[in-house]
């Protein structure tokens with residue numbers, strides 16, 4: 001009822017207004033028009049609310065600041081390149097080199113190299129004249145007006161690029177370059193000062209020269225930081241092929257020449273591989289040491305220290321190795337009748353790089369066990385060269401404990417088709433290791449675990465392609481943890497057995513054990529490549545501590561293979577690799593246990609940046625405990641006498657390791 005009255009009164013109130021202003025009334029009764037739909041940034045702001053709108057406004061301001069910073073960066077870049085173009089112009093104008101009008105950086109480098117006494121062929125091949133070392137090292141680099149002299153000692157047998165890296169800055173750079181001259185640069189050749197070049201060629205060439213100069217500046221900053229740091233001895237590994245398969249020294253004069261070069265670089269000693277496959281090649285316990293005796297006599301002439309490697313593995317047969325040394329022939333003959341003495345993969349393929357650890361205590365080698373064969377070899381060496389120990393010539397013995405002389409299973413054999421960054425395969429399918437696995441499974445109460453993983457992929461698989469190594473894969477199941485612990489423990493037992501006998505032979509001699517750098521797939525949860533190599537080191541485990549506990553028991557020097565870069569042709573992201581993190585995990589684990597640590601570079605030749613990474617690792621400046629390497633083993637790509645090693649780079653590296661940077665390498 002009240003609703004009706006209200007409606008009537010409502011109509012009565014409206015009637016007078018209808019009589020006097022119907023247009024106004026109709027306008028008031030119309031519904032308001034819908035609001036305009038916001039678009040673009042306004043729509044986003046409306047949906048986000050007032051708080052988000054404020055944040056978006058702040059973000060817009062930050063975006064404008066970033067745009068301004070980009071413009072400033074572009075301007076600085078153009079300014080920087082113009083300055084380096086003037087450097088290039090100065091080299092042409094004041095150096096008085098016969099360069100073509102549109103010469104690029106290669107022409108400039110070739111002219112500098114020829115002026116320094118080098119021969120540069122048309123295809124870019126660069127080498128020195130065959131002059132006596134004393135003359136070549138004393139040759140000065142003539143520099144004309146406007147430059148400072150370059151140290152003669154900085155051109156010892158190196159390419160011109162490395163020489164530029166080693167020399168101090170040779171030009172004074174005018175910093176007052178105006179922005180108006182940024183887009184084009186006038187390059188003067190000899191006396192023709194009106195000839196102009198386009199900006200593209202000189203800027204590109206100047207950019208290359210600038211990279212070299214910046215590298216030189218950074219190196220100069222690092223030199224002062226390493227002066228006075230702990231002295232780290234440097235040992236150079238001699239080439240594998242200097243002793244042939246009949247244990248004869250191939251080129252005594254060449255060895256003397258190489259040792260003379262090394263002595264001029266102030267290296268502390270050399271590393272010699274004593275190959276089991278050469279010394280005991282034909283008959284068991286018939287050792288031939290004649291070639292090594294000749295080699296050690298020559299080394300004695302130069303008064304260099306020697307580290308000797310007991311090499312119980314095979315070498316060569318791949319593109320990355322320049323010599324081929326097999327296991328002893330009599331061992332291979334045994335292997336024909338009993339192939340289970342070799343490591344075996346899941347498909348039954350035998351790996352003849354080294355003997356299986358399953359025969360360490362099995363008398364299958366003409367009445368001897370595996371570790372007895374190693375013991376007899378080491379005892380024969382000590383007996384033959386007892387005089388070297390008495391003189392103090394032998395500073396340490398490195399004991400080979402697996403493939404490539406490193407402490408690992410041969411899971412990454414190139415002969416089996418493995419290529420980086422494959423995860424490798426488990427090497428536990430010979431009958432002796434299978435017996436050990438069955439025994440371990442029985443003791444655990446799960447006899448059905450006495451098998452290797454059937455979903456671990458192939459040599460070149462990726463972790464995500466296998467059910468065992470993928471994220472939340474079987475590697476972290478109850479069975480997976482059992483298998484990986486047994487696999488790693490077998491490696492540890494082998495280390496303990498061999499080092500226990502080695503300590504009986506070399507009582508007061510330092511032992512060295514080489515630890516591999518299996519850094520690919522380190523950023524994954526499973527660390528698949530480390531697992532197949534024998535290190536139970538997934539993201540939720542520390543696989544190196546149990547190994548180092550055993551090495552601590554035998555007072556071993558841990559030698560880490562330092563990989564500062566991934567394999568050539570591969571990106572770290574392709575393999576989720578992290579060499580630096582792996583290196584520091586190993587170093588910290590070893591130093592925490594009081595172990596002495598040394599280093600060795602990977603087979604690839606390093607440039608200046610690579611050397612600096614190694615030096616930073618050898619002498620970590622931020623370590624409050626002042627840890628550092630006890631020595632460094634330099635692996636050369638080939639013999640030094642073949643000119644493959646850049647002497648200024650190696651000389652610079654050795655001086656930084658010694659903490660003794662000469663005056664001609666330090667800017668005044």
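The backbone N, Cα and C atoms fix where each Cβ goes, and this holds for glycine too.
What TrEMBL records for 1-81 is region 'Disordered'.
For 1-29, the entry in TrEMBL reads compositional bias 'Polar residues'.
Residues annotated as compositional bias 'Low complexity' in TrEMBL: 40-60.
The average pLDDT the prediction assigns to the domain 'BES1/BZR1 plant transcription factor N-terminal' (60-206) is 55. As annotated by TrEMBL, domain 'BES1/BZR1 plant transcription factor N-terminal' applies to 60-206.
The compositional bias 'Basic and acidic residues' feature in TrEMBL is assigned to 62-74. Taken residue by residue, the compositional bias 'Basic and acidic residues' (62-74) breaks down under DSSP into 13 helix, 0 strand, 0 coil.
For residue 406 (active site, proton donor), the same-chain residues lying six or more positions away in sequence with a CB closer than 8 A to its CB are 514, 515, 516, 561. The feature active site, proton donor is assigned by TrEMBL to 406.
Cβ contacts within 10 Å of residue 600 (active site, proton acceptor), excluding its own Cβ and spanning all protein chains shown: 25. Residues or ranges marked as active site, proton acceptor by TrEMBL: 600.
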